[in-house]
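See structure below.
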Amino acid sequence: MTQPLFLIGPRGCGKTTVGMALADLLNRRFVDTDQWLQSQLNMTVAEIVEREEWAGFRARETAALEAVTAPSTVIATGGGIILTEFNRHFMQNNGIVVYLCAPVSVLVNRLQAAPEEDLRPTLTGKPLSEEVQEVLEERDALYREVAHIIIDATNEPSQVISEIRSALAQTINC
């Protein structure tokens, strides 16, 4: 199987952590769309949003998704990539989409423990726990709509990877 694997889900669900380890295990290339975009523009996501607003960032995110999609690649996407209909169809039609699902409490704990998350601009201007709750309520149905596979991401990365591998084996053998 050489189809790209798209990891989707909210901030803090483990897309980058799981994606890097999964790519290594499957001998695939790993790309994080946010990191790729930041390296291309030599700007942080916050700087891009400040300069171009969220609409400009979302347009660049779509271009990044198209640019990094290639066979034998694990792609960790930005949490809001599913907000654009084109992106949802593109991922569904060009690879296998894995939704790393986790409850608000887990996401908030992970985000509070990750100092680099302070570099991300707020989506709502609200306290973190309220923002995560609101954003997840808005996006969960979209994540589920686009996903070929839904994985409980509350477990340790090694367990999440094991569950992804099992689900991929079942998907391929259908």
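The backbone N, Cα and C atoms fix where each Cβ goes, glycine too.
For the substrate site, Swiss-Prot lists Asp34, Arg58, Gly79; matching the candidates Arg88, Arg110, Arg139 against that entry yields Arg139. The Cβ centroid of Asp34, Arg58, Gly79, Arg139 marks the substrate site; residues of that chain outside this set whose Cβ lies within 8 Å of it are Arg11, Glu61, Thr77, Gly78, Gly80, Ile81, Ile82, Leu83, given in sequence order. A Cα-Cα distance of 14 Å separates Asp32 (Mg(2+) binding site) from Cys13 (ATP binding site).
Neighbour density around each Cβ, counted as other Cβ atoms within 10 Å, peaks among the binding-site residues Thr16, Thr17 at Thr17.
Closest to Lys15 (ATP binding site) by Cα-Cα distance, out of the binding-site residues Asp34, Arg58, Gly79, Arg139, is Gly79. In the predicted model, the region 'LID domain' (112-126) shows an average pLDDT of 68.
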